[in-house]
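**Q** What TrEMBL shows for this protein is this:
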- A:207: active site (ACT_SITE)
- A:241: active site (ACT_SITE)
- A:3-421: domain 'Aldehyde dehydrogenase' (DOMAIN)
- A:462-480: transmembrane segment (TRANSMEM)
């Protein structure tokens with residue numbers, strides 16, 4: 001593994017991945033890969049998650065195509081030097097921030113959206129000019145295999161490589177030195193990744209999870225709220241890091257919510273959910289059993305059927321859930337929706353704040369003031385008001401967690417920035433030495449006054465201001481030369 | 001249960017009440033910082049003189065004025081920095097409100113080193129407070145006079161329910177780090193940086209590490225040697241070399257070295273007189289430990305200028321070493337003292353290879369008459385920051401982010417970058433309950449037709465629309 005990283009580092013050092021044209025070629029190749037091998041990719045994802053190919057396309061492939069197009073369209077602007085405001089002393093100099101690649105980055109994916117969670121970061125890493133190793137999750141075997149097969153066929157094999165394997169391979173990989181690590185997964189492993197990164201002072205982006213609360217106000221369009229929540233909760237069989245994990249609402253709303261979700265489930269998946277091509281399955285037996293155990297002792301208002309052979313768990317709602325029960329202690333990551341009653345929005349806010357900061361937070365209400373209040377008084381990675389999941393799709397919004405739900409963010413421009421070093425540059429000339437005399441010892445009080453004036457006043461660009469300032473600078477230089 | 005537990009709990013409780021959120025509160029705290037600097041200027045200068053033999057000029061310019069400027073900048077811009085940042089939307093979200101909310105993280109820990117003990121306390125503190133956090137400050141126990149003022153005087157200017165100073169050495173800091181913080185800002189060395197990051201990992205605490213390294217200074221041929229020497233000497237010997245962004249060593253050709261050394265002597269004499277030990281403008285080494293460390297480095301290569309040292313005064317003369325080998329100790333660790341080794345290279349390529357063989361530095365300097373040379377050095381190396389034809393002037397521009405890369409650190413600050421560093425950027429999308437017809441497109445049962453329409457709706461306005 002060390003040799004593999006070394007090889008990538010050599011290739012990176014050669015400078016090949018830096019020219020914009022090269023990066024765009026690689027991105028275009030990725031796009032071709034997604035388009036030409038769509039069938040293979042979709043069937044791999046479908047096999048891993050018992051997902052229809054249509055779903056696989058809309059859940060994963062759309063996002064990647066959008067991301068690649070974004071990068072292709074915006075790369076010149078993203079990679080360009082950004083000028084910075086100057087002060088008097090640097091007025092005639094060039095001051096800017098230049099984005100640069102970091103080097104060799106490591107991207108560790110998760111199994112729930114196995115394609116997009118590798119590809120979207122990879123698009124960012126390539127756009128920023130890095131070399132990259134991707135490590136798909138071994139739980140989504142088919143996607144891992146297809147990535148290992150396809151990526152080397154389309155991308156520069158010296159700069160980008162796929163490493164597959166389980167815990168021991170990942171541990172070995174984490175011993176190597178990278179210039180950035182982006183990990184998507186759970187909190188426990190997130191800590192391990194950051195600890196490993198600390199040994200090399202490698203910066204990390206951790207996309208973790210948590211229990212994303214969903215507060216339903218009594219003053220909201222309950223039909224629409226339930227429809228949207230049903231969609232976000234049961235998509236991918238609940239195995240979505242930003243799925244609404246649990247609902248908080250006043251007790252009086254519970255029954256209606258259950259009824260409406262039940263109706264919506266029927267609309268979406270038909271009478272016989274098991275036969276709907278749009279309803280997925282649990283990834284493996286371990287998670288299936290875990291989810292089954294969450295149902296123990298709970299009041300199942302709707303659903304609750306399970307079938308171990310196919311790892312099927314019906315869309316389920318639990319009511320009157322005890323906040324101390326198991327289902328409220330861990331991220332559910334399955335098609336089980338607990339409803340916890342609270343007296344009012346105050347109690348809901350306290351409930352949320354008593355717990356770890358979630359990756360996403362959802363609020364349904366007609367009352368914009370209430371929505372703003374919930375946002376003001378809580379914290380989370382992201383928020384969608386009156387809907388679920390959707391903030392993920394706006395790629396001008398950074399996607400990431402806070403506290404136990406993660407650190408750092410990506411998507412669109414934020415991917416580019418995550419995988420770049422923004423290097424401040426100040427280019428001066430070798431002239432103008434007389435002004436510099438201000439700063440050299442031997443020192444005097446008057447020198448201090450001038451030094452502060454020159455150093456610490458900032459000016460924005462404006463033709464007239466520049467002219468005035470240039471004159472001032474010249475005058476000052478002359479004074480300085482005369483008297484100091 | 002250790003002594004920190006109560007303090008931290010109280011600060012967290014204060015944070016949870018929301019006291020630090022309103023702009024008025026934050027502005028009042030920042031004004032308090034400004035008053036702290038103004039009211040105690042004399043004592044602060046005396047303390048800096050006591051700790052580091054800092055001259056009034058250096059104290060003013062590199063500690064007090066810079067801190068004041070950051071306070072002022074934050075006060076001027078607080079409300080605009082705090083505003084929700086609107087972002088562009090796609091067709092599907094056109095009627096919605098999409099913005100980034102800047103929120104405080106909560107409880108922030110700032111660990112400060114001894115070399116610019118006021119600046120490196122106040123500048124991060126301004127950012128943390130402006131961003132609405134509660135702060136625990138851990139000043140360096142090595143710069144004792146400043147530590148005392150920070151512990152005893154500074155809290156009087158701030159709301160003490162939201163701000164605490166914690167004192168101690170490595171052991172206490174280790175204990176402190178076992179607790180959970182919502183952000184840790186550490187300035188210091190790489191060795192401790194790793195310890196801080198490992199401790200932060202246990203709580204998944206995000207961090208900024210401002211570390212150091214050996215900042216190379218490449219000097220091209222055909223430069224005006226005196227001008228280069230003036231600039232390099234000033235930045236090297238400022239604060240007796242105890243500056244994370246000081247040029248650590250020079251790379252130049254043999255010919256350039258022959259011009260540079262006498263020019264450096266010239267500059268040193270001009271700045272500090274014939275006997276620098278008597279100059280009020282030269283600092284001293286912080287303590288015995290570092291003095292002895294630096295004294296050891298004086299044996300490397302050959303002393304071309306200076307080389308004197310006086311233990312009773314913690315004085316090391318502004319020194320230039322030549323004929324230095326890459327393997328010698330002076331080229332193996334960050335010098336952090338008034339010693340400037342000159343390493344000769346045949347040409348620019350060799351210099352760039354030399355730089356790239358080593359860890360990415362915090363700063364990189366290149367002096368040349370030719371802008372292509374400067375641009376080449378820039379393009380073929382990496383570093384936290386870069387300045388062409390001068391020393392760490394790039395630090396004085398708060399419009400430029402300040403931070404390292406690789407082993408010189410992660411994260412950045414100064415000006416608005418400080419505010420952003422101490423803020424959680426929370427993505428918010430507020431949708432209207434209407435427009436459900438468009439949403440219907442996304443619901444099962446899925447169909448190809450719906451998918452096509454959905455794709456159109458999801459493309460960003462600025463991109464060209466392509467129908468599948």
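Backbone N, Cα and C define each Cβ position, glycine as well.
Walk me through where these features lie, including what they touch and how far apart they are.
**A** DSSP gives residue A:207 (active site) a strand state.
Sequence-distant contacts (6 or more apart, same chain, Cβ under 8 Å) of residue A:241 (active site) comprise A:110, A:112, A:184, A:207, A:208, A:209, A:359, A:360. In the three-state DSSP classification, residue A:241 (active site) falls within coil.
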**Q** Take the Cβ of residue A:207 (active site) and count every other Cβ within 10 Å, whichever protein chain it belongs to.
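**A** The Cβ of residue A:207 (active site) has 25 Cβ neighbours within 10 Å.
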